[in-house]
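K.L.:
For reference, the structure I am asking about is given below.
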């Protein structure tokens, strides 16, 4: 019987065999540690009185849950005092948070610490999204300018899914690997090696409650997917947690889309710490991610809480979405 590969031993192998910088391995190890703490705290939140609202909103206007604030602090603590992270940009912070100054602090962490936090009160799936960049400026201390980088500059990205099991999925480019937490060992074990996103699929994820606010050509696309009398019919699977829905697309194919609306013409999801990290990961697995008009990875970032539409998943499904958009523009 072969021994399972732990996340830390996998990272060491990547450093030794694939010349992955040791700093990246250290940063990913810290994310793994934060994920273990979050998995524990999320699972017992109801017992510890950590459910419900804080009574405040975050930088992007979302109502903050107690677990949002708690999760944000866990991630910050995990990356503080290791000497590698210069600043952190988070959904839960109005501005970037300065962590370390000096020549060793060459990395930028962008994160949504608790994606889908509206699910916490019902015990449904939630997640953590992260993306890491290198500093671009040469000053002693980093600035917000170091954070405003396109997805093409990511050095590593991934997510953690807290559901029926806790799973960490990440990429440093070239491949995507997934690890499942064994609670009895307290270790993430390699469970999904070299994940490849299917070219197509029969499920889609979208918040259809906004259907009336979508442009007509996007409505036509949704109608096409849901036509039960046609061979084009897809099954709707929408959880309210971006990580959970993208994870399904990654493993089973299909697509997730969150288009612009009249009230939110720039989209709802945040480019820097939601769209770009997931786009990088899905592309490395053979999938595709677009705003509907442009590749997510190429979009210019002008503010830390900048929003973007997102269409992500299988190549065929995302291309079909874009076909409907082109037909709408040509009409």
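Any Cβ shown, glycine's included, is placed from N, Cα and C.
Sequence annotations record features per position, and here Swiss-Prot assigns Mg(2+) 1 binding site to 91, 112, 114. Taken from Swiss-Prot, the feature Mg(2+) 2 binding site covers 112, 115, 274. Positions annotated as substrate binding site by Swiss-Prot: 115, 116, 117, 118, 207, 238, 268.
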K.L.:
Near the Mg(2+) 1 site, what residues other than 91, 112, 114 in the same chain have a C-beta no further than 8 Å from the centroid of the listed C-beta atoms?
P.N.:
68, 71, 72, 90, 92, 111, 113, 115, 117, 128, 129, 273, 274
K.L.:
Going by C-alpha distance, which of the binding-site residues 91, 112, 114, 115, 274 is nearest to residue 238 (substrate binding site)?
P.N.:
115
K.L.:
On the three-state reduction of DSSP, what should I expect for residue 238 (substrate binding site)?
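P.N.:
Looking at the DSSP assignment, residue 238 (substrate binding site) belongs to neither helix nor strand, so coil.
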K.L.:
Which residues, sitting 6 or more apart from residue 115 (Mg(2+) 2 binding site) on the same chain, put a CB under 8 Å from its CB?
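P.N.:
Once residues fewer than 6 apart are set aside, residue 115 (Mg(2+) 2 binding site) is near 126, 127, 128, 129, 159, 241, 242, 243, 274.
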K.L.:
Report the same-chain neighbours of residue 112 (Mg(2+) 1 binding site): residues 6+ apart in sequence with Cβ closer than 8 Å to its Cβ, ordered by sequence.
P.N.:
90, 91, 128, 129, 270, 273, 274
K.L.:
Check each residue in the chain of residue 268 (substrate binding site) that is at least six apart in sequence and keep those whose C-beta is under 8 Å from its C-beta; list them in sequence order.
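P.N.:
Listed in sequence order, they are 258, 261, 307.
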K.L.:
According to DSSP, does residue 268 (substrate binding site) fall in a helix, a strand, or coil?
P.N.:
coil
K.L.:
Cβ-Cβ under 8 Å from residue 116 (substrate binding site), same chain, 6 or more residues apart: which ones?
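P.N.:
Result: 124, 125, 126, 127, 239, 240, 241, 242, 243, 244.
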K.L.:
Using DSSP, would you call residue 116 (substrate binding site) helix, strand or coil?
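P.N.:
DSSP call for residue 116 (substrate binding site): coil, neither helix nor strand.
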K.L.:
Using DSSP with the three-state reduction, classify residue 91 (Mg(2+) 1 binding site) as helix, strand or coil.
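P.N.:
DSSP assigns residue 91 (Mg(2+) 1 binding site) to coil.
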K.L.:
At a 10 A cut-off on CB-CB distances, which of the binding-site residues 117, 118, 207 has the highest count?
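P.N.:
Sorting the candidates by Cβ neighbours within 10 Å, the top entry is 117.
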K.L.:
Please give the greatest C-alpha separation between any two of the substrate-binding residues 115, 116, 117, 118, 207, 238, 268, in angstrom, as a whole number.
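P.N.:
Comparing all Cα pairs, the maximum is 16 Å.
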K.L.:
Around residue 114 (Mg(2+) 1 binding site), how many other CB atoms lie within 10 A of its CB?
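P.N.:
Residue 114 (Mg(2+) 1 binding site): 29 neighbouring Cβ atoms within 10 Å.
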